[in-house]
Amino acid sequence: MRVGIGYDVHKLVDGRDLIIGGEKIPFEKGLLGHSDADVLCHAIGDSILGAAALGDIGRHFPDTDNRYKGYSSLKLLEEIKRIINEKGYYITNIDSTIIAQKPKMLAYINNMRKNISKVLDISIEDINIKATTEEELGFTGKQLGIKAQSICLLNKNI
């Protein structure tokens with residue numbers, strides 16, 4: 001068994017869709033980034049790669065590569081799954097947290113879990129997503145951006 005952690009943060013800006021966990025969430029701002037800036041998928045991807053000691057998403061999908069401009073982070077997760085499977089690893093479970101003052105995430109979490117379980121080809125019961133605020137403190141509390149954290153447990157085929 002191997003464990004990895006992931007963390008990501010993106011700034012909220014006007015003129016972009018808000019995509020979290022592959023789900024388009026109605027909100028007046030979206031996250032700024034080279035890809036679709038899906039903060040949750042990025043944290044999950046980093047936790048998976050970290051558990052396999054394979055670096056991070058920046059190494060595999062650099063923001064200097066135009067192939068990933070506007071790229072779906074769900075597709076990044078599909079690629080990450082392929083990468084770890086080639087090394088003999090499979091995902092046991094994922095636990096993650098979205099940190100955002102607004103919008104409220106509860107209504108979207110089940111669809112996020114479905115989206116992520118589908119692209120990673122794991123049971124929805126093996127993915128947990130929580131949401132919290134920072135009680136109007138700091139970067140997320142002042143609604144300047146959104147953060148996500150993730151932990152992943154991998155096993156290796158013998």
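A Cβ is built for glycine as well, from the same backbone N, Cα and C atoms used for every other residue.
What Swiss-Prot records for Asp8, His10, His42 is divalent metal cation binding site, and it gives sequence analysis as the kind of evidence. All protein chains shown were included, and the count of other CB atoms within 10 Å of the CB of His42 (divalent metal cation binding site) stands at 28.
Taking the Cβ of Phe139 (4-CDP-2-C-methyl-D-erythritol 2-phosphate binding site) as reference, residues of its chain lying under 8 Å away and at least six apart in sequence are, in sequence order, Val9, Gly145, Lys147. The feature 4-CDP-2-C-methyl-D-erythritol 2-phosphate binding site is assigned by Swiss-Prot to 8-10, 34-35, 56-58, 61-65, 100-106, 132-135, Phe139, Lys142.
Around the Cβ of His34 (site 'Transition state stabilizer'), the number of neighbouring Cβ atoms within 10 Å comes to 16. Positions annotated as site 'Transition state stabilizer' by Swiss-Prot: His34 (among others).
Under the heading site 'Transition state stabilizer', Swiss-Prot lists Thr133 (among others), citing sequence analysis as support. Thr133 (site 'Transition state stabilizer') falls outside any helix or strand according to DSSP and counts as coil.
If you take the Cα of Asp65 (4-CDP-2-C-methyl-D-erythritol 2-phosphate binding site) and the Cα of His42 (divalent metal cation binding site), they are about 16 angstrom apart, rounded to a whole number. Reported as a whole number, the C-alpha separation between Ser35 (4-CDP-2-C-methyl-D-erythritol 2-phosphate binding site) and His42 (divalent metal cation binding site) equals 10 Å. Cα of His10 (divalent metal cation binding site) to Cα of His34 (site 'Transition state stabilizer'): a distance of 10 Å. Excluding the listed site residues Asp8, His10, His42, the same chain places Val9, Leu31, Gly33, Ala37, Asp38, Val39, Leu40, Cys41, Ala43, Lys147, Ala148 with Cβ atoms within 8 Å of the centre of the divalent metal cation site Cβ atoms. Measuring Cα to Cα from Asp8 (divalent metal cation binding site), none of the recorded positions His34, Phe61, Pro103, Thr132, Thr133 fall within 10 Å.
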